[in-house]
Amino acid sequence: MSAAMDTESTYSGYSHYSGHSKKAHRQGRDRHKSPRSKDGTRSEKSVTIQTPPAEPLLGNDASQAEEGQDDNWGETTTAITGTSEHSISQEDIARISKDLEDSVGLDCKRYLGLTVAAVLGLLVFLTPIAFILLPQILWRDDLEPCGTVCEGLFISVAFKLLILLIGTWALFFRQPKADIPRVFVFRALLLVLIFLFVFSYWLFYGVRILDTKDTNYQGIVQYAVSLVDALLFIHYLAIVLLELRQLQPMFTVKVVRSTDGESRYYSLGHLSIQRAALVVLENYYKDFEVYNPALLTASKSRAAKHMAGLKVYNVDGPGNNASGQSRAMIAAAAHRRDSSHNELYYEEADHERRVKKRRARLVVAVEEAFTHIKRLQAEEQQKAPGEMMDPREAAQAIFPSMARALQKYLRTTRQQQYHSMESILQHLSFCITNNMTPKAFLERYLNPGPTLQYDRDRWFSKQWTLISEEAVTSGLQDGIVFVLKCLDFSLVVNVKKIPFIKLSEEFIDPKSHKFVLRLQSETSV
(Lines of atoms letter the chains of each structure in order from A and count residues from 1; the text may use other names and numbers.)
(Lines give C-alpha, C1' and ligand atoms only; values in the text may rest on other atoms or scores of the structure.)
Protein backbone atom coordinates (compact mmCIF):
# COMPACT_ATOMS: atom_id res chain seq x y z
CA MET A 1 0.00 0.00 0.00
CA SER A 2 2.82 2.39 0.80
CA ALA A 3 4.47 1.65 -2.54
CA ALA A 4 1.23 2.51 -4.37
CA MET A 5 0.92 5.77 -2.41
CA ASP A 6 4.51 6.69 -3.29
CA THR A 7 3.80 6.01 -6.95
CA GLU A 8 0.69 8.15 -7.00
CA SER A 9 2.39 11.03 -5.23
CA THR A 10 5.43 10.92 -7.51
CA TYR A 11 3.38 10.64 -10.71
CA SER A 12 1.14 13.50 -9.68
CA GLY A 13 4.28 15.46 -8.81
CA TYR A 14 5.67 15.39 -12.33
CA SER A 15 2.26 15.76 -14.02
CA HIS A 16 1.13 18.90 -12.09
CA TYR A 17 4.01 21.02 -11.01
CA SER A 18 3.00 23.11 -8.01
CA GLY A 19 4.55 26.15 -6.36
CA HIS A 20 4.43 28.40 -9.43
CA SER A 21 3.11 31.88 -9.71
CA LYS A 22 -0.07 32.79 -11.57
CA LYS A 23 1.99 34.58 -14.17
CA ALA A 24 3.99 31.48 -15.01
CA HIS A 25 0.74 29.55 -15.06
CA ARG A 26 -0.75 31.92 -17.66
CA GLN A 27 2.46 31.93 -19.72
CA GLY A 28 2.59 28.12 -19.80
CA ARG A 29 -1.05 27.94 -20.79
CA ASP A 30 -0.59 30.50 -23.57
CA ARG A 31 2.46 28.67 -24.83
CA HIS A 32 0.47 25.46 -25.03
CA LYS A 33 -2.49 27.12 -26.70
CA SER A 34 -0.66 29.12 -29.36
CA PRO A 35 0.52 26.20 -31.51
CA ARG A 36 -3.00 24.81 -31.58
CA SER A 37 -4.40 28.03 -33.00
CA LYS A 38 -1.72 28.31 -35.69
CA ASP A 39 -1.38 24.73 -36.71
CA GLY A 40 -4.47 23.32 -38.31
CA THR A 41 -3.20 19.79 -38.34
CA ARG A 42 -5.30 18.82 -35.36
CA SER A 43 -7.62 16.28 -36.92
CA GLU A 44 -11.04 17.87 -37.41
CA LYS A 45 -12.24 14.57 -38.88
CA SER A 46 -11.48 12.58 -35.79
CA VAL A 47 -14.75 12.61 -33.85
CA THR A 48 -14.91 10.27 -30.90
CA ILE A 49 -18.39 8.93 -30.14
CA GLN A 50 -17.39 6.46 -27.47
CA THR A 51 -16.16 6.66 -23.90
CA PRO A 52 -12.73 8.37 -23.78
CA PRO A 53 -9.80 5.97 -23.26
CA ALA A 54 -7.46 5.99 -20.32
CA GLU A 55 -5.56 9.22 -19.87
CA PRO A 56 -2.18 8.99 -21.61
CA LEU A 57 1.03 9.34 -19.73
CA LEU A 58 1.69 12.70 -21.35
CA GLY A 59 -0.50 15.39 -22.80
CA ASN A 60 -0.70 15.59 -26.58
CA ASP A 61 -0.23 19.34 -26.52
CA ALA A 62 3.23 19.01 -25.02
CA SER A 63 4.68 17.61 -28.24
CA GLN A 64 3.91 20.82 -30.10
CA ALA A 65 5.78 22.99 -27.59
CA GLU A 66 8.76 20.64 -27.42
CA GLU A 67 10.88 22.62 -29.86
CA GLY A 68 11.27 25.52 -27.46
CA GLN A 69 12.06 23.53 -24.34
CA ASP A 70 15.41 22.97 -22.73
CA ASP A 71 16.57 20.03 -20.65
CA ASN A 72 15.41 21.69 -17.42
CA TRP A 73 11.89 22.45 -18.59
CA GLY A 74 10.40 20.43 -15.73
CA GLU A 75 11.53 22.91 -13.10
CA THR A 76 10.30 26.06 -14.87
CA THR A 77 7.13 24.99 -16.63
CA THR A 78 3.55 24.57 -15.52
CA ALA A 79 1.87 21.56 -17.14
CA ILE A 80 -1.83 21.98 -17.86
CA THR A 81 -3.79 18.85 -18.66
CA GLY A 82 -7.34 18.48 -19.89
CA THR A 83 -9.55 16.90 -22.47
CA SER A 84 -8.98 17.84 -26.09
CA GLU A 85 -11.63 19.77 -28.00
CA HIS A 86 -12.98 18.67 -31.37
CA SER A 87 -15.05 20.64 -33.84
CA ILE A 88 -17.94 18.86 -35.52
CA SER A 89 -19.18 20.10 -38.87
CA GLN A 90 -22.21 19.15 -40.92
CA GLU A 91 -20.00 16.90 -43.07
CA ASP A 92 -18.83 15.05 -39.98
CA ILE A 93 -22.40 14.49 -38.79
CA ALA A 94 -23.44 13.29 -42.25
CA ARG A 95 -20.44 10.97 -42.41
CA ILE A 96 -21.20 9.53 -38.95
CA SER A 97 -24.82 8.83 -39.91
CA LYS A 98 -23.69 7.25 -43.19
CA ASP A 99 -21.17 5.05 -41.37
CA LEU A 100 -23.89 3.90 -38.97
CA GLU A 101 -26.22 3.07 -41.86
CA ASP A 102 -23.44 1.21 -43.67
CA SER A 103 -22.57 -0.77 -40.53
CA VAL A 104 -26.22 -1.77 -40.09
CA GLY A 105 -26.38 -2.85 -43.72
CA LEU A 106 -23.18 -4.85 -43.43
CA ASP A 107 -24.45 -6.62 -40.30
CA CYS A 108 -27.74 -7.54 -42.00
CA LYS A 109 -25.91 -8.81 -45.07
CA ARG A 110 -23.49 -10.84 -42.97
CA TYR A 111 -26.21 -12.46 -40.86
CA LEU A 112 -28.32 -13.14 -43.95
CA GLY A 113 -25.42 -14.92 -45.61
CA LEU A 114 -24.71 -16.97 -42.47
CA THR A 115 -28.38 -17.92 -42.19
CA VAL A 116 -28.58 -19.07 -45.81
CA ALA A 117 -25.36 -21.08 -45.47
CA ALA A 118 -26.53 -22.69 -42.21
CA VAL A 119 -29.93 -23.67 -43.66
CA LEU A 120 -28.32 -25.10 -46.79
CA GLY A 121 -25.75 -27.03 -44.75
CA LEU A 122 -28.48 -28.50 -42.54
CA LEU A 123 -30.40 -29.54 -45.65
CA VAL A 124 -27.31 -31.21 -47.10
CA PHE A 125 -26.67 -33.33 -44.01
CA LEU A 126 -30.31 -34.31 -43.48
CA THR A 127 -30.96 -35.29 -47.11
CA PRO A 128 -29.08 -38.66 -47.14
CA ILE A 129 -30.66 -39.61 -43.81
CA ALA A 130 -34.12 -38.70 -45.16
CA PHE A 131 -33.52 -40.80 -48.28
CA ILE A 132 -32.91 -43.84 -46.09
CA LEU A 133 -35.67 -43.28 -43.50
CA LEU A 134 -38.63 -42.23 -45.69
CA PRO A 135 -39.18 -45.68 -47.27
CA GLN A 136 -39.03 -47.28 -43.82
CA ILE A 137 -41.73 -44.88 -42.59
CA LEU A 138 -44.09 -44.81 -45.61
CA TRP A 139 -44.09 -48.36 -47.07
CA ARG A 140 -42.07 -50.49 -44.73
CA ASP A 141 -44.12 -53.68 -45.25
CA ASP A 142 -43.57 -53.66 -49.04
CA LEU A 143 -39.77 -53.24 -48.90
CA GLU A 144 -37.44 -56.06 -49.79
CA PRO A 145 -35.29 -57.32 -46.91
CA CYS A 146 -31.95 -55.53 -46.45
CA GLY A 147 -29.06 -57.99 -46.79
CA THR A 148 -25.46 -57.89 -45.68
CA VAL A 149 -24.39 -55.52 -48.45
CA CYS A 150 -27.19 -53.12 -47.57
CA GLU A 151 -26.25 -53.09 -43.90
CA GLY A 152 -22.61 -52.43 -44.83
CA LEU A 153 -23.76 -49.39 -46.80
CA PHE A 154 -25.25 -47.97 -43.59
CA ILE A 155 -21.78 -47.95 -42.02
CA SER A 156 -20.34 -46.34 -45.17
CA VAL A 157 -22.93 -43.56 -45.11
CA ALA A 158 -22.36 -42.90 -41.39
CA PHE A 159 -18.58 -42.55 -41.66
CA LYS A 160 -18.73 -40.49 -44.86
CA LEU A 161 -21.19 -38.10 -43.26
CA LEU A 162 -18.90 -37.80 -40.24
CA ILE A 163 -15.91 -37.01 -42.48
CA LEU A 164 -17.99 -34.47 -44.41
CA LEU A 165 -19.13 -32.84 -41.17
CA ILE A 166 -15.57 -32.46 -39.87
CA GLY A 167 -14.32 -31.13 -43.20
CA THR A 168 -17.18 -28.63 -43.46
CA TRP A 169 -16.53 -27.41 -39.92
CA ALA A 170 -12.81 -26.95 -40.63
CA LEU A 171 -13.35 -25.14 -43.94
CA PHE A 172 -16.44 -23.00 -43.45
CA PHE A 173 -17.13 -22.55 -39.74
CA ARG A 174 -14.51 -19.92 -38.97
CA GLN A 175 -14.63 -16.62 -37.16
CA PRO A 176 -14.96 -13.93 -39.86
CA LYS A 177 -11.94 -11.63 -39.94
CA ALA A 178 -13.54 -8.74 -41.78
CA ASP A 179 -16.65 -7.48 -43.56
CA ILE A 180 -16.06 -7.24 -47.30
CA PRO A 181 -18.14 -4.92 -49.50
CA ARG A 182 -19.16 -7.61 -52.01
CA VAL A 183 -19.90 -11.31 -51.86
CA PHE A 184 -17.12 -13.85 -52.21
CA VAL A 185 -17.68 -15.14 -55.74
CA PHE A 186 -16.32 -18.67 -55.31
CA ARG A 187 -18.15 -19.19 -52.03
CA ALA A 188 -21.43 -18.03 -53.57
CA LEU A 189 -20.79 -20.26 -56.58
CA LEU A 190 -20.29 -23.28 -54.34
CA LEU A 191 -23.51 -22.55 -52.44
CA VAL A 192 -25.46 -22.33 -55.71
CA LEU A 193 -23.85 -25.55 -56.95
CA ILE A 194 -24.72 -27.40 -53.74
CA PHE A 195 -28.31 -26.14 -53.85
CA LEU A 196 -28.78 -27.23 -57.48
CA PHE A 197 -27.17 -30.57 -56.75
CA VAL A 198 -29.37 -31.36 -53.73
CA PHE A 199 -32.47 -30.10 -55.52
CA SER A 200 -31.74 -32.40 -58.47
CA TYR A 201 -31.33 -35.39 -56.15
CA TRP A 202 -34.59 -34.59 -54.37
CA LEU A 203 -36.40 -34.18 -57.70
CA PHE A 204 -35.18 -37.55 -58.93
CA TYR A 205 -35.97 -39.15 -55.57
CA GLY A 206 -39.52 -37.80 -55.57
CA VAL A 207 -40.30 -38.89 -59.13
CA ARG A 208 -38.62 -42.31 -59.28
CA ILE A 209 -38.85 -43.52 -55.66
CA LEU A 210 -41.61 -41.73 -53.73
CA ASP A 211 -44.21 -41.78 -56.51
CA THR A 212 -43.57 -45.39 -57.53
CA LYS A 213 -42.89 -46.62 -53.97
CA ASP A 214 -39.83 -48.57 -55.06
CA THR A 215 -39.38 -51.77 -53.06
CA ASN A 216 -35.66 -52.23 -53.77
CA TYR A 217 -34.36 -50.89 -50.46
CA GLN A 218 -30.74 -51.71 -51.25
CA GLY A 219 -30.94 -49.55 -54.38
CA ILE A 220 -32.39 -46.69 -52.33
CA VAL A 221 -29.52 -46.92 -49.84
CA GLN A 222 -27.04 -47.03 -52.72
CA TYR A 223 -28.66 -43.85 -54.08
CA ALA A 224 -28.07 -42.12 -50.73
CA VAL A 225 -24.45 -43.31 -50.74
CA SER A 226 -23.92 -41.80 -54.20
CA LEU A 227 -25.23 -38.45 -52.87
CA VAL A 228 -22.74 -38.47 -49.99
CA ASP A 229 -19.88 -39.34 -52.38
CA ALA A 230 -20.81 -36.43 -54.63
CA LEU A 231 -20.91 -34.08 -51.63
CA LEU A 232 -17.40 -35.18 -50.67
CA PHE A 233 -16.19 -34.31 -54.18
CA ILE A 234 -17.83 -30.89 -53.92
CA HIS A 235 -16.01 -30.36 -50.63
CA TYR A 236 -12.74 -31.22 -52.36
CA LEU A 237 -13.60 -28.66 -55.06
CA ALA A 238 -14.22 -26.07 -52.33
CA ILE A 239 -10.76 -26.72 -50.87
CA VAL A 240 -9.16 -26.20 -54.29
CA LEU A 241 -11.04 -22.98 -55.06
CA LEU A 242 -10.96 -21.38 -51.62
CA GLU A 243 -7.57 -22.46 -50.27
CA LEU A 244 -5.17 -24.00 -52.77
CA ARG A 245 -5.71 -21.70 -55.74
CA GLN A 246 -4.30 -18.64 -53.99
CA LEU A 247 -1.16 -20.26 -52.58
CA GLN A 248 1.08 -19.92 -55.64
CA PRO A 249 2.47 -16.35 -55.85
CA MET A 250 1.54 -14.65 -59.09
CA PHE A 251 1.63 -10.93 -58.26
CA THR A 252 3.79 -8.53 -56.27
CA VAL A 253 2.05 -5.59 -54.61
CA LYS A 254 3.71 -2.44 -53.33
CA VAL A 255 1.90 -0.80 -50.41
CA VAL A 256 2.72 2.86 -49.71
CA ARG A 257 1.33 4.92 -46.82
CA SER A 258 0.30 8.30 -48.16
CA THR A 259 1.43 10.42 -45.20
CA ASP A 260 5.04 9.38 -44.58
CA GLY A 261 5.81 7.22 -47.63
CA GLU A 262 6.58 4.04 -45.70
CA SER A 263 6.28 1.07 -48.07
CA ARG A 264 6.31 -2.72 -48.07
CA TYR A 265 6.22 -5.43 -50.73
CA TYR A 266 4.06 -8.56 -50.61
CA SER A 267 3.52 -11.55 -52.88
CA LEU A 268 -0.05 -12.64 -53.63
CA GLY A 269 -1.71 -15.36 -55.63
CA HIS A 270 -4.93 -15.39 -57.63
CA LEU A 271 -7.19 -13.22 -55.47
CA SER A 272 -9.96 -10.74 -56.05
CA ILE A 273 -9.30 -7.09 -55.31
CA GLN A 274 -11.30 -7.10 -52.08
CA ARG A 275 -9.57 -10.24 -50.77
CA ALA A 276 -6.18 -8.80 -51.74
CA ALA A 277 -7.13 -5.68 -49.76
CA LEU A 278 -7.82 -7.87 -46.72
CA VAL A 279 -4.40 -9.53 -47.04
CA VAL A 280 -2.74 -6.11 -47.32
CA LEU A 281 -4.50 -4.84 -44.19
CA GLU A 282 -3.60 -7.96 -42.20
CA ASN A 283 0.05 -7.42 -43.07
CA TYR A 284 -0.20 -3.67 -42.48
CA TYR A 285 -1.12 -4.07 -38.82
CA LYS A 286 1.92 -6.25 -38.15
CA ASP A 287 4.56 -4.84 -40.52
CA PHE A 288 4.08 -1.07 -40.68
CA GLU A 289 5.10 1.17 -37.82
CA VAL A 290 2.19 2.73 -36.01
CA TYR A 291 0.92 5.89 -37.65
CA ASN A 292 2.02 8.91 -35.63
CA PRO A 293 0.54 12.21 -36.85
CA ALA A 294 2.64 14.15 -34.34
CA LEU A 295 5.75 13.46 -36.44
CA LEU A 296 4.20 15.35 -39.37
CA THR A 297 3.49 18.55 -37.47
CA ALA A 298 7.15 19.65 -37.39
CA SER A 299 7.46 20.01 -41.16
CA LYS A 300 4.07 21.75 -41.44
CA SER A 301 4.87 24.22 -38.68
CA ARG A 302 8.24 24.93 -40.26
CA ALA A 303 6.59 25.66 -43.62
CA ALA A 304 4.00 27.91 -41.96
CA LYS A 305 6.75 29.78 -40.10
CA HIS A 306 8.64 30.30 -43.36
CA MET A 307 5.59 31.65 -45.19
CA ALA A 308 4.71 33.92 -42.28
CA GLY A 309 8.07 35.66 -42.65
CA LEU A 310 7.17 37.03 -46.10
CA LYS A 311 5.75 40.56 -46.14
CA VAL A 312 4.33 42.25 -49.27
CA TYR A 313 3.87 46.03 -49.58
CA ASN A 314 1.92 47.87 -52.28
CA VAL A 315 4.08 50.97 -52.77
CA ASP A 316 1.97 52.37 -55.64
CA GLY A 317 -1.20 52.65 -53.58
CA PRO A 318 -4.42 50.73 -53.78
CA GLY A 319 -5.57 52.40 -56.99
CA ASN A 320 -2.61 51.36 -59.19
CA ASN A 321 -2.18 48.00 -60.88
CA ALA A 322 1.14 46.70 -59.57
CA SER A 323 0.57 42.96 -59.73
CA GLY A 324 3.76 42.35 -61.71
CA GLN A 325 5.84 44.32 -59.23
CA SER A 326 4.19 42.48 -56.34
CA ARG A 327 5.09 39.13 -57.87
CA ALA A 328 8.65 40.31 -58.39
CA MET A 329 8.86 41.44 -54.77
CA ILE A 330 7.51 38.08 -53.57
CA ALA A 331 10.08 36.23 -55.64
CA ALA A 332 12.90 38.45 -54.37
CA ALA A 333 11.82 38.04 -50.76
CA ALA A 334 11.56 34.29 -51.19
CA HIS A 335 15.00 34.18 -52.74
CA ARG A 336 16.51 36.18 -49.89
CA ARG A 337 14.87 33.99 -47.26
CA ASP A 338 15.51 30.68 -48.98
CA SER A 339 17.44 29.10 -46.14
CA SER A 340 14.96 26.41 -45.19
CA HIS A 341 17.44 23.63 -45.94
CA ASN A 342 19.85 25.03 -43.36
CA GLU A 343 17.05 25.30 -40.81
CA LEU A 344 16.02 21.74 -41.53
CA TYR A 345 19.59 20.49 -41.13
CA TYR A 346 20.15 22.19 -37.79
CA GLU A 347 16.70 21.27 -36.48
CA GLU A 348 17.25 17.59 -37.27
CA ALA A 349 20.74 17.64 -35.78
CA ASP A 350 19.45 19.28 -32.60
CA HIS A 351 16.57 16.84 -32.39
CA GLU A 352 18.88 13.84 -32.78
CA ARG A 353 21.18 15.20 -30.09
CA ARG A 354 18.26 15.70 -27.71
CA VAL A 355 16.89 12.21 -28.43
CA LYS A 356 20.27 10.57 -27.81
CA LYS A 357 20.74 12.48 -24.59
CA ARG A 358 17.34 11.60 -23.17
CA ARG A 359 17.65 8.04 -24.39
CA ALA A 360 20.88 7.67 -22.43
CA ARG A 361 19.19 9.07 -19.33
CA LEU A 362 16.29 6.67 -19.76
CA VAL A 363 18.56 3.63 -20.18
CA VAL A 364 20.51 4.51 -17.05
CA ALA A 365 17.34 5.12 -15.02
CA VAL A 366 15.79 1.80 -16.09
CA GLU A 367 18.95 -0.14 -15.36
CA GLU A 368 19.14 1.38 -11.89
CA ALA A 369 15.46 0.56 -11.29
CA PHE A 370 15.93 -3.07 -12.32
CA THR A 371 19.03 -3.30 -10.11
CA HIS A 372 16.86 -2.09 -7.24
CA ILE A 373 14.33 -4.81 -8.11
CA LYS A 374 17.00 -7.48 -7.86
CA ARG A 375 17.94 -6.20 -4.40
CA LEU A 376 14.28 -6.28 -3.38
CA GLN A 377 13.93 -9.83 -4.66
CA ALA A 378 16.97 -10.90 -2.69
CA GLU A 379 15.48 -9.33 0.44
CA GLU A 380 12.04 -10.85 -0.20
CA GLN A 381 13.52 -14.36 -0.41
CA GLN A 382 14.62 -14.05 3.20
CA LYS A 383 11.12 -13.13 4.38
CA ALA A 384 8.18 -15.36 5.08
CA PRO A 385 6.09 -16.52 2.08
CA GLY A 386 3.15 -14.38 3.13
CA GLU A 387 5.25 -11.19 2.98
CA MET A 388 6.41 -11.61 -0.63
CA MET A 389 5.86 -8.54 -2.85
CA ASP A 390 3.51 -8.86 -5.80
CA PRO A 391 4.96 -8.00 -9.28
CA ARG A 392 2.43 -5.19 -9.55
CA GLU A 393 3.58 -3.71 -6.25
CA ALA A 394 7.20 -4.06 -7.32
CA ALA A 395 6.43 -2.23 -10.56
CA GLN A 396 4.74 0.58 -8.63
CA ALA A 397 7.74 0.77 -6.30
CA ILE A 398 10.35 1.30 -9.03
CA PHE A 399 8.25 3.22 -11.52
CA PRO A 400 8.80 6.69 -9.92
CA SER A 401 12.57 6.40 -10.37
CA MET A 402 12.24 6.02 -14.15
CA ALA A 403 9.01 7.94 -14.78
CA ARG A 404 10.62 11.35 -15.35
CA ALA A 405 13.23 10.09 -17.82
CA LEU A 406 10.61 8.03 -19.64
CA GLN A 407 8.27 11.01 -19.80
CA LYS A 408 10.90 13.27 -21.36
CA TYR A 409 11.95 10.64 -23.88
CA LEU A 410 8.39 9.91 -25.00
CA ARG A 411 7.69 13.61 -25.41
CA THR A 412 10.86 14.15 -27.42
CA THR A 413 10.06 11.24 -29.76
CA ARG A 414 6.34 12.19 -29.80
CA GLN A 415 5.12 8.80 -28.60
CA GLN A 416 3.28 10.03 -25.50
CA GLN A 417 -0.20 9.48 -26.95
CA TYR A 418 0.40 5.73 -27.31
CA HIS A 419 1.50 4.97 -23.76
CA SER A 420 -0.63 5.57 -20.70
CA MET A 421 0.60 5.16 -17.15
CA GLU A 422 -1.48 2.02 -16.71
CA SER A 423 -0.07 0.38 -19.85
CA ILE A 424 3.51 1.15 -18.75
CA LEU A 425 2.87 -0.34 -15.30
CA GLN A 426 1.35 -3.46 -16.85
CA HIS A 427 4.33 -3.88 -19.16
CA LEU A 428 6.74 -3.31 -16.28
CA SER A 429 5.01 -5.89 -14.08
CA PHE A 430 5.01 -8.32 -17.02
CA CYS A 431 8.78 -7.90 -17.44
CA ILE A 432 9.32 -8.39 -13.70
CA THR A 433 7.15 -11.52 -13.66
CA ASN A 434 9.04 -13.10 -16.54
CA ASN A 435 12.49 -12.01 -15.26
CA MET A 436 13.21 -9.87 -18.32
CA THR A 437 16.16 -7.52 -18.67
CA PRO A 438 16.02 -3.69 -18.83
CA LYS A 439 16.76 -3.88 -22.55
CA ALA A 440 13.70 -6.06 -23.07
CA PHE A 441 11.56 -3.57 -21.16
CA LEU A 442 12.84 -0.60 -23.18
CA GLU A 443 12.35 -2.29 -26.55
CA ARG A 444 8.73 -1.13 -26.72
CA TYR A 445 9.61 2.53 -26.12
CA LEU A 446 12.95 2.98 -27.89
CA ASN A 447 11.68 1.75 -31.26
CA PRO A 448 8.13 2.41 -32.50
CA GLY A 449 6.42 -0.92 -33.04
CA PRO A 450 3.63 -2.08 -35.36
CA THR A 451 0.02 -1.13 -34.79
CA LEU A 452 -0.86 -4.43 -33.12
CA GLN A 453 1.57 -3.65 -30.30
CA TYR A 454 -0.63 -0.85 -28.95
CA ASP A 455 -4.14 -0.76 -27.54
CA ARG A 456 -7.02 -0.47 -29.99
CA ASP A 457 -7.95 2.87 -28.39
CA ARG A 458 -4.66 4.30 -29.73
CA TRP A 459 -5.22 3.19 -33.32
CA PHE A 460 -5.88 5.78 -35.98
CA SER A 461 -7.14 3.18 -38.47
CA LYS A 462 -10.14 1.04 -37.57
CA GLN A 463 -12.52 1.38 -40.50
CA TRP A 464 -11.31 1.26 -44.10
CA THR A 465 -12.80 2.16 -47.47
CA LEU A 466 -11.73 0.37 -50.64
CA ILE A 467 -11.45 2.62 -53.70
CA SER A 468 -10.88 0.93 -57.06
CA GLU A 469 -11.63 1.68 -60.69
CA GLU A 470 -12.17 -2.02 -61.36
CA ALA A 471 -14.89 -4.14 -59.77
CA VAL A 472 -13.73 -5.32 -56.36
CA THR A 473 -14.85 -8.88 -57.21
CA SER A 474 -12.57 -9.05 -60.25
CA GLY A 475 -9.19 -10.73 -60.01
CA LEU A 476 -5.82 -9.04 -59.71
CA GLN A 477 -4.16 -7.96 -62.93
CA ASP A 478 -0.90 -6.32 -63.88
CA GLY A 479 -0.99 -2.55 -63.38
CA ILE A 480 -4.09 -2.35 -61.19
CA VAL A 481 -3.98 0.38 -58.53
CA PHE A 482 -6.44 0.53 -55.64
CA VAL A 483 -6.55 2.61 -52.48
CA LEU A 484 -7.42 1.65 -48.91
CA LYS A 485 -8.56 4.82 -47.19
CA CYS A 486 -9.18 5.48 -43.51
CA LEU A 487 -9.84 8.67 -41.58
CA ASP A 488 -6.34 10.23 -41.47
CA PHE A 489 -4.35 8.50 -44.22
CA SER A 490 -4.57 5.98 -47.02
CA LEU A 491 -2.65 3.00 -48.38
CA VAL A 492 -1.92 3.05 -52.11
CA VAL A 493 -1.52 -0.46 -53.52
CA ASN A 494 0.17 -1.00 -56.90
CA VAL A 495 -0.07 -4.49 -58.43
CA LYS A 496 2.69 -5.92 -60.64
CA LYS A 497 2.71 -9.39 -62.15
CA ILE A 498 5.68 -11.59 -61.41
CA PRO A 499 7.57 -11.94 -64.72
CA PHE A 500 7.97 -15.24 -66.48
CA ILE A 501 11.43 -16.56 -65.74
CA LYS A 502 13.24 -18.60 -68.37
CA LEU A 503 15.93 -20.74 -66.79
CA SER A 504 18.40 -22.59 -69.03
CA GLU A 505 21.04 -25.17 -68.22
CA GLU A 506 24.65 -25.22 -69.29
CA PHE A 507 26.59 -28.46 -69.14
CA ILE A 508 30.23 -28.36 -68.10
CA ASP A 509 32.37 -31.29 -69.11
CA PRO A 510 34.19 -32.67 -66.03
CA LYS A 511 37.26 -33.31 -68.18
CA SER A 512 37.63 -29.60 -68.90
CA HIS A 513 38.82 -29.08 -65.31
CA LYS A 514 41.83 -31.41 -65.74
CA PHE A 515 45.28 -30.06 -66.53
CA VAL A 516 48.86 -31.34 -66.69
CA LEU A 517 51.65 -29.79 -64.63
CA ARG A 518 55.05 -30.17 -66.30
CA LEU A 519 58.15 -29.43 -64.23
CA GLN A 520 61.53 -28.64 -65.79
CA SER A 521 64.31 -30.93 -64.65
CA GLU A 522 66.93 -28.19 -64.90
CA THR A 523 66.86 -25.43 -62.34
CA SER A 524 68.85 -22.20 -62.32
CA VAL A 525 71.65 -21.93 -59.78
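Using the three backbone atoms N, Cα and C, a Cβ is placed for every residue, glycine included.
Taken from TrEMBL, the feature compositional bias 'Basic residues' covers 19-35.
Residues or ranges marked as compositional bias 'Basic and acidic residues' by TrEMBL: 36-45.
According to TrEMBL, the compositional bias 'Polar residues' annotation covers 74-86.
Per TrEMBL, region 'Disordered' is recorded for 1-86.
Annotated transmembrane segment per TrEMBL: 111-133 (among others), in sequence order. Taking Cβ pairs closer than 8 Å, the transmembrane segment (111-133) reaches residues 154, 157, 161, 164-165, 168, 172, 183, 191, 194-195, 198, 201-202, 205, 220-221, 223-225, 227-228, 231 in its own chain, all 6 or more past its ends.
Same-chain residues lying 6+ beyond the ends of the transmembrane segment (153-172) with a Cβ under 8 Å from its Cβ atoms: 117, 121, 125, 128-129, 132, 218, 221-222, 224-225, 228-229, 231-232, 235, 238-239, 242-243. Among the features that TrEMBL reports, transmembrane segment is placed at 153-172 (among others).
According to TrEMBL, the transmembrane segment annotation covers 184-204 (among others).
Here TrEMBL flags 224-244 (among others) as transmembrane segment. Under 8 Å from some Cβ of the transmembrane segment (224-244) lie the Cβ atoms of residues 124, 127-128, 131-132, 153, 156-157, 160-161, 163-164, 167-168, 171-172, 186-187, 189-190, 193-194, 197-198, 201, all in the same chain and six or more residues away from its ends.
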